[in-house]
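Q: Pasting the relevant annotations from TrEMBL:
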- 12-31: transmembrane segment (TRANSMEM)
- 67-84: transmembrane segment (TRANSMEM)
- 90-110: transmembrane segment (TRANSMEM)
- 117-141: transmembrane segment (TRANSMEM)
- 147-169: transmembrane segment (TRANSMEM)
- 190-209: transmembrane segment (TRANSMEM)
- 215-234: transmembrane segment (TRANSMEM)
Amino acid sequence: MNWNLNSFSELQQRVIAGVVGAAIILSGTWYSEWTYFAVFFLICMFTQLEFYKLLGLDGSLPLRTFGTFNGQFIFTLTFLVEKYQLNHNYYFLIWIVVSGVYFIKLYQYIRRDLQPFVNIAFTFLGIIYVAVPFALLNMAVFLKHTYSYQIVIGSLFLIWASDTGAYFAGRKFGKNKLFFRISPKKTWEGSIGGTLLALLFAYILSIYFQDLQLWQWLCIAVIIVVTGTYGDLVESLFKRSIRIKDSGNTIPGHGGFLDRFDSLLLSSPFIVAFVKLVG
């Protein structure tokens with residue numbers, strides 16, 4: 001029997017890879033805080049490396065090792081501070097470590113790089129755009145001072161519901177373009193379909209995941225739809241600027257890590273801010 005993914009259609013590849021990937025993420029997040037940490041540590045690292053690789057296609061030279069190291073340091077520190085309820089003054093370590101390595105690299109760059117400040121700016125963009133949103137998830141899983149997977153898993157379900165609803169509604173009914181110049185395939189009909197399915201899943205989540213009430217899950221669904229759509233458009237604009245279709249080919253049928261997690265990157269800060277305010 002031939003199990004080569006290339007023998008399947010794009011939709012079949014998308015479904016198979018999606019099911020396998022979702023199973024790994026959900027089981028890791030559900031099992032314990034340490035398996036959650038391992039799963040999202042790797043996702044954060046691969047997403048950040050992919051981001052820097054794409055910047056390189058445009059002629060930029062971001063400091064991949066520096067940026068990824070600091071991104072993983074921020075993710076790990078946030079996890080430890082939230083898990084053990086450490087004094088938030090520990091977050092000042094971020095500025096000490098990042099600034100120390102920054103000045104060393106700045107000295108090296110000025111000596112041999114024609115655009116040191118541009119490349120360092122892109123390096124920090126990778127930290128802020130990728131690592132910080134993933135790090136903020138640690139505040140969600142330890143919102144009530146003990147580990148709870150409900151907000152993260154629930155948010156992932158809502159993102160996937162929104163994406164799935166938008167995909168099928170767009171294919172079936174899509175006529176009116178959402179923002180043709182940036183993303184020709186996205187339509188208003190797809191966005192409406194994604195919104196409706198996300199709201200339906202929010203209602204279902206409120207029954208089984210009772211860390212939050214129904215109205216809170218509905219608010220998170222709206223946050224995800226709005227910021228997720230914006231995140232898709234931002235990444236589409238980014239990819240069009242460097243003339244590529246997908247951010248990578250790591251995940252069959254889905255493209256790269258950025259393609260799969262762009263909605264989470266934009267929605268994570270707003271979700272965490274919301275649950276912190278109302279939780």
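Heads up, the Cβ atoms here are built off N, Cα and C, so glycines get one too.
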Q: With CB pairs under 8 Å as the measure, which of the listed stretches 67-84, 117-141, 147-169, 190-209, 215-234 comes out on top against the transmembrane segment (12-31)?
A: 147-169
Q: Take the transmembrane segment (215-234) and find every residue of the same chain, 6 or more past its ends, with a Cβ under 8 Å from one of its Cβ atoms.
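A: Counting only partners 6 or more residues beyond its ends, the transmembrane segment (215-234) has Cβ contacts under 8 Å with 154-155, 158-159, 162-163, 178-179, 182-183, 186, 191, 194-195, 198-199, 201-203, 205-206, 209, 262-263, 265-267, 270-271, 274-275, 278.
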Q: Can you name the far-off residues of the same chain, 6+ from the ends of the transmembrane segment (190-209), with a Cβ under 8 Å from a Cβ of it?
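A: Hits for the transmembrane segment (190-209): 150, 153-154, 157-158, 161-171, 173-174, 178, 217-218, 220-222, 224-225, 229.
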